[in-house]
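Q: Grabbed the feature section from TrEMBL, which reads as follows:
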type: DOMAIN; residues: 695-787; note: domain 'DYW'
type: REPEAT; residues: 277-311; note: repeat 'PPR'
type: REPEAT; residues: 378-412; note: repeat 'PPR'
type: REPEAT; residues: 448-478; note: repeat 'PPR'
type: REPEAT; residues: 479-513; note: repeat 'PPR'
type: REPEAT; residues: 550-584; note: repeat 'PPR'
Amino acid sequence: MPPPRRRPPSAADAAALRRPYLRLIALSSTLRHLDQILAVSLASGHYPLDPAPATSLLLRYASLRAPHGHLLRLFRGFSRPDRFLRNALLRSLPLLRPRLLFPCPDSFSFAFAATSLAASCSRGGGAASYSAARALHALAVAAGYAADTFVASALAKLYFVLSRVDHARKVFDMVPSPDTVLWNTLLAGLSGSEAVESFVRMVGDGSVRPDATTLASVLPAVAEVADVTMGGCVHAFAEKCGLADHEHVLTGLISLYSKCGDVESARCLFDMMEKPDLVAYNALISGYSVNGMVGSSVDLFTELMTMGMWPNSSTLVALIPVHSPFGHDLLAQCLHGFVLKSGFTANSPVSTAITTLHCRLNDMESARKAFDAMPEKTMESWNAMISGYAQNGLTEMAVALFEQMVKLNVRPNPITISSTLSACAQLGALSLGKWLHRIIAEEDLEPNVYVMTALIDMYAKCGSISEARSIFNTMDNKNVVSWNAMIAGYGLHGQGAEALKLYKDMLDAHLLPTSATFLSVLYACSHGGLVEEGRKVFRSMTDDYAIVPGIEHCTCMVDLLGRAGQLKEAFELISEFPKSSVGPGVWGALLGACMVHKDSDLAKLASQKLFELDPENSGYYVLLSNLHTSKKQYSEAAVVRQEAKSRKLIKTPGYTLIEIGNKPHVFMAGDRAHPQSEAIYSYLEKLTAKMIEAGYRPETEAALYDVEEEEKEHMVKVHSEKLAIAFGLLSTEPGTEIRIIKNLRVCLDCHNATKFISKVTQRLIVVRDASRFHHFRDGVCSCGDYW
């Protein structure tokens, strides 16, 4: 007799087994456990009958990081999934699938979809994520959920993750009666003064009651703007509302007072906590570090460890003294060792902080080791290493690392671009700068004021002052740094009158000048020979703006007065400053002026100061020796040269760089290493003959005094500037502009020769030396022979 046929399970059977299934799913800790439950459910026929266990199963699979395809297959096991199962899938998938919202979306559907999309964006969303967010937003509006606070909170958070603050604000503004959660989302997403203003508006509105999360969200914003008065108001409000004892609020207040420099109040609040948690310790350790109290931060870290608490990544980031690294080389090595020993190298924020610390201590080898050891490099890691190279003068390595980053398809952000533009500006690499400009346009970074300011600086330092001004004119959101960069650019090109005009425009725009503004204007006056104007600006600092001149301003004024022959006034100005603050820069400016005006007595005084302050700098010995040689004081020149020789000082070798077809070519004096050197020297001979016909005579007074005049003429003829210009003329079409970069100040003969070359070849020649730009056209230099 055949066995009786088994009855298919009914909905009632499935409902009876719901509780055991849910309990088993909740107890499962591995994907294998879930697979076994799913297998039993499918074999018994219960799975498609009851969506409640299926929903729980899908969410548990998602929490254990099951493949997304597996989640979709679970969902498709139901021919008519209910709203809860649909929402569970929306919450679990990393990308928006609009068709899952229908046919019956509710507020949970849109909120879960937005939350899921935000999670995927934080892992590297781009233009596609933004398009998906806009599509989801449009669907929510069309479905009538624009005013729903739950949906609005999720959408606003999504837009904040995408850095679309204006869109997040629009979402908020569409809700007529925002609740506390929506206000909190807005406050957490905004930064600085915007968040503070919104908090004031929330309290003033009075329709919702702020909670501890509200205060914990606004306190970092108050700390960001360092407004201790507003911080006191928020603190008083917290006391009034009975929220001041909440751990998150107390920690926020500790951080606020620390960042505003009131470490004593921060410590007082910390001591009020009955049992401070790790977050509170981190806040105070960070406060000590930010205020340069490195010893106190290390002591608190030791206390934390003694109490048996183990630091997390935030503790180490707070402890690493990136704000005041100098003098803490041993601590840097100890912290790096602790990070390695404790297994924190895989933590990007910690490794980035270690990299930054080593960069600021100019230990680039250790910085690169920390950077290379990171298994996953974040945008902040790349920025730390690139800016470290740029700030320490390793500009080629900064550019090379940026190029490597781009090849790995890592999208740069404004900080990356600004750091790399700074490196290009130092290098004078115009072609690389233009390439970065194209990337800025592609990545839609043009609205960023810091990027555009860096772009102005790059073009100015690469010789394209007109392009710099063009970018400046297109900026709608100029800040004082943008104005300073443009004024400094004019100064670098010797266009002092333009710099002063722009300074006046800045004042007319009701922008207050800073110390850096005055430095840029004085620099421009110095290179433009505008003595009286410079005096007025210098007096205006204290008389009109109560800004005390620093030693950098003094250096500019000494340079300005010295170049104009006002050596006595320049020396008297130096005497007005404390002796301890007068560094090599000031005395170097005076020595340079003595060289121009052949004042050997004052030059001896200035050089003596320089030999005491900066004994390893060979340039000062060279300047003094050249001054004696020019006055035919050969014995004094010999004494200076012998002193430099006895100290084993080596003169910085001069070199000149020229870019042809985006490829750099470097020349040194008498250089024959270039593949086309034979053609270059042959062309230079013919060019020199034409220059002599036009009236050129070599300036040999600063050449070695113990060689024949004919040999002196040959020595100056093969200077690196002339070789680079000759190569440029050979390699470009007639009428093409020639641009070269010299690492030292251009010598008198090369300056004179370049004027004649521009005349006989009818070319514009732009020269950037260690001091400024020279634009040579038709036998005249833009500096007016004032450099």
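Each Cβ is built from the backbone N, Cα and C atoms, and glycine gets one as well.
Curation plays no part in TrEMBL annotations; they are all automatic predictions.
Give me the local environment of each listed feature.
A: Here the repeat 'PPR' (277-311) returns a mean pLDDT of 89 for the predicted model.
DSSP states for the repeat 'PPR' (378-412), grouped as helix (H, G, I), strand (E, B) and coil, give 26 helix, 0 strand, 9 coil.
Counting same-chain residues at least six beyond the ends of the repeat 'PPR' (448-478), those with a Cβ under 8 angstroms from any Cβ of the stretch are 414-415, 417-418, 421-422, 424-426, 428-430, 433, 436-437, 440, 485-486, 488-490, 492-493, 495, 739, 766, 768, 773.
Long-range Cβ contacts of the repeat 'PPR' (479-513) within its own chain (Cβ-Cβ under 8 Å, at least 6 residues beyond either end) map to 449-450, 452-453, 456-457, 459-461, 465, 468-469, 472, 520-521, 523-530, 533, 537, 545, 547, 772-775, 782-784, 786-787.
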